[in-house]
């Protein structure tokens, strides 16, 4: 059951990424049709923008991400218990030892970052280290080490970049149309061709809806990688109860004291900001109750 869950989560992520690239291609083709009368050029430009943006975000400095989240790097001497758990989990996962950081915050949380296992880092709040016992900490750190081993940070970064690219292209396309960028097409093609009218309307509709759809896909990918990291943590620790108990404590945690931006929020094991009341479709994390239920059903 454990390996089936891991396999299913990986497959769902692949499907979502394929849909994401298809959406980016669609929005590019739509903008190209409306503004340049050229589907292909718009499609190529959209994909190029997406790839460049994703590449630049992937190689964002690990130290910069840690600094943005008020994390301080610690040595084995400063935090031996935490350091040794990270070391043990990295050894089991067969990845290089990540850098270790602590965030001075009473909330219970942790996250990992880095584009690859070779330049990764793990951070935990002081609240988490004070409240959780070793069994629970192993579950949490196993979760974060799994994110590193599974290249989740890279996948999530690509998803954020693609969502941003879709939004930027839609915004530029909409502004150019608003200020008369599409007027030439309307004058030149002033016939009653039903197909052209339908194509025009569909292109306009895609420009309007694409940012929302892109955001939903990006959030769905983030939730799937959380499920995968939970299951992968159990694979590393061979102790589902440790992960379950950790999640039960995380469920009671207060929001973090310092502000957390959207990109960083998706990295944490638990939503670091105030819980929102709207649909889970708009959440970076699946409900903890569902995560616990999945682990119990393994």
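The backbone N, Cα and C atoms fix where each Cβ goes, and this holds for glycine too.
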From 226, 248, 271, 289, the one annotated by Swiss-Prot with 143, 147 for Zn(2+): 226
Chain residues in Cβ proximity to the transmembrane segment (197-217) (below 8 Å; excluding those fewer than six residues from its ends, i.e. six or more beyond): 16, 19-20, 23-24, 26-27, 30-31, 33-34, 159, 162-163, 166-167, 169-171, 173-174, 177, 185, 281-282
Residue 226 (Zn(2+) binding site), number of other Cβ atoms within 10 Å: 25
Residue 143 (Zn(2+) binding site) CB neighbourhood, other CB atoms within 10 A: 28
C-alpha spacing of residue 144 (active site) relative to residue 226 (Zn(2+) binding site), in angstrom: 10
Cβ neighbour count within 10 Å of residue 144 (active site): 27
